[in-house]
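Colleague: In case it helps, TrEMBL gives these features for our protein:
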DOMAIN    8-68  domain 'HTH tetR-type'
DNA_BIND  31-50  DNA-binding region
TRANSMEM  147-165  transmembrane segment
Amino acid sequence: MKYEHKRQLTRDKIEGALIKVAKTKGIADVTVSDIIKAANINRSTFYRHYIDKPDLIEKMEDRVINDIREANVSLKNSDVKYIDTAAGKFVYQFLTVIEDNQPILELLLSGKGDIQFTMKLIVFFNELVDSTTEVFTDTMDEKKRKLFAAYNSSTALGIVAFWVHHFDEYDKKYVYDFLMNRGY
């Protein structure tokens, strides 16, 4: 257990170094040498945890997506008559995942980030919305359901991108209240 905690601290240090360096250089121009220098670790430590820089980035991206997927489980398994409560719980958990991963999301969803992640997130949100809302969209034909999923997933991506870039101006409670009460 203690060893795993130490491994996690090292991974966090490596991820933090990537974020720090990429904010100035851009994610595409960051090298493993840049990361190990900023993290103050040796090269073998980096390679003990990751195959290469793309592996590091992919693992960070996948962790964010898996955390969102986990938050969605409770919504998908909810009884329809309690959907408002479940939806509120999901939105709060979703925002918590975004909050916990704000530094990496701010980088990945920026001009210095990874456009492939944005595309991966769009596809993921589309699948998430489509699979979660089947019970509400059962009266829609296939074309409307796909459009409904695209509309809602692009809204989710837009909220995420906006919030991670304006994190100091909007706290989680404010964003949650806006989304749940449609404060416009």
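Yeah, the Cβs are placed from backbone N, Cα and C, and that goes for glycine too.
TrEMBL labels come from automatic prediction, so no person has curated them.
Computed from a predicted structure; not experimentally measured.
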Colleague: Averaged over the whole of the DNA-binding region (31-50), what is the pLDDT?
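Modeller: The answer is 97, the mean pLDDT of the model over that range.
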Colleague: Based on DSSP, tally up the residues of the domain 'HTH tetR-type' (8-68) by helix, strand and coil.
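Modeller: Helix, strand and coil residues of the domain 'HTH tetR-type' (8-68) number 52 helix, 0 strand, 9 coil.
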